[in-house]
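Here's the structure, in structure tokens; my notes come after.
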């Protein structure tokens with residue numbers, strides 16, 4: 001089976017292609033000009049070289065099969081692998097953006113886009129609140145399949161080449177359980193699509209022994225930890241992984257995470273009614289994160305089919321956030337985007353092609 005050209009970093013292509021400058025030319029065609037056929041690259045390449053590319057590599061290995069649009073402008077995409085027909089989802093989040101013009105100090109309003117990518121089909125972690133785990137684990141995604149999610153979404157929305165995306169590994173799967181492919185995808189996002197590592201966030205459920213491995217790659221990405229509880233008993237009931245990597249084990253590795261000045265580790269905290277949304281829980285969370293440069297992102301539980309949990313009130317979420325902020329721990333409440341199309345946090349899963357999304 002031919003290798004996907006999107007599976008190769010710039011360095012790998014430079015070593016493979018002769019002369020090596022062909023790699024940079026090819027990267028421009030792939031990631032700046034969105035070409036999906038080697039024949040469309042004839043301006044730079046000879047017929048013999050194009051024949052070589054067609055013989056050795058393939059381009060697109062996934063396709064969009066369904067798109068659902070939310071009232072807030074966000075979109076959920078169902079992708080199908082062209083190799084094994086398995087499906088997976090990704091989400092485009094559309095948000096308002098404000099910037100200050102450095103020359104006039106005027107406030108400029110615009111839009112920013114975040115692509116929530118999947119790194120696995122299904123998930124092995126088995127969090128009880130997450131819809132993804134309902135379908136079980138199928139396989140890891142290749143770097144090329146991760147990259148193509150962003151490429152196809154950008155292409156589908158006619159976003160200009162210069163429009164920067166934010167990438168969050170918060171879709172289906174646990175990124176640290178597919179670390180090699182995730183790291184390769186991050187490198188290609190950076191060198192190919194020109195997405196700064198500062199715009200890329202890797203979210204983990206707490207695979208503690210792989211956090212230092214990710215740190216050692218020196219990729220410069222942002223780290224997010226799915227915490228969701230302030231004691232091991234509650235966290236283990238929500239996230240079985242906690243029985244192997246308990247809260248203190250995870251926090252010990254987070255304390256070693258290299259942070260740039262003014263940067264913080266994000267802790268995601270899913271608020272579930274009458275389980276972990278009390279003021280007492282907020283006080284315990286403050287104590288847990290003492291000494292860690294952190295910020296807390298509160299997520300109100302998003303209901304899904306078969307779930308036993310309930311969404312808390314916005315009032316209780318504000319009380320939780322207000323307490324943390326009053327004590328100097330930066331805390332925000334995440335706006336639930338794409339809730340009406342079941343594309344919010346914890347709502348993605350593999351679907352059969354016959355199913356509507």
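From the backbone N, Cα and C atoms, a Cβ is placed for every residue, glycine too.
The active site, proton acceptor annotation in Swiss-Prot covers 89 and is backed by sequence analysis.
If you look up Swiss-Prot, you'll see 345 marked as active site, S-methylcysteine intermediate.
The feature [4Fe-4S] cluster binding site is assigned by Swiss-Prot to 123, 127, 130. According to DSSP, residue 127 ([4Fe-4S] cluster binding site) sits in a coil region rather than a helix or strand.
Annotation source Swiss-Prot lists S-adenosyl-L-methionine binding site at 173, 174, 203, 226, 227, 228, 302. Taken residue by residue with DSSP, residue 174 (S-adenosyl-L-methionine binding site) is part of neither helix nor strand, so it is coil. Around residue 174 (S-adenosyl-L-methionine binding site), taking its Cβ as the centre, 26 other Cβ atoms fall within 10 Å, counting all chains.
Taken from Swiss-Prot, the feature disulfide bond covers 116-345, and the record attributes it to sequence analysis. Taking the Cβ of residue 116 (disulfide bond) as centre and 10 Å as the limit, one finds 29 other Cβ atoms among all the protein chains shown.
Here Swiss-Prot flags 109-340 as domain 'Radical SAM core', drawing on sequence analysis. Along the domain 'Radical SAM core' (109-340), the predicted structure has mean pLDDT 94.
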For residue 89 (active site, proton acceptor), the three-state DSSP class is strand
Within 10 Å of residue 173 (S-adenosyl-L-methionine binding site) (Cα-Cα), which of the recorded positions 116, 123, 127?
123
Candidates 89, 116, 123, 127, 130 (recorded positions) passing the 10 Å Cα cutoff around residue 174 (S-adenosyl-L-methionine binding site) are 123
By CA-CA distance, flag whichever of 116, 127, 226, 228 among the recorded positions is nearest to residue 89 (active site, proton acceptor).
116
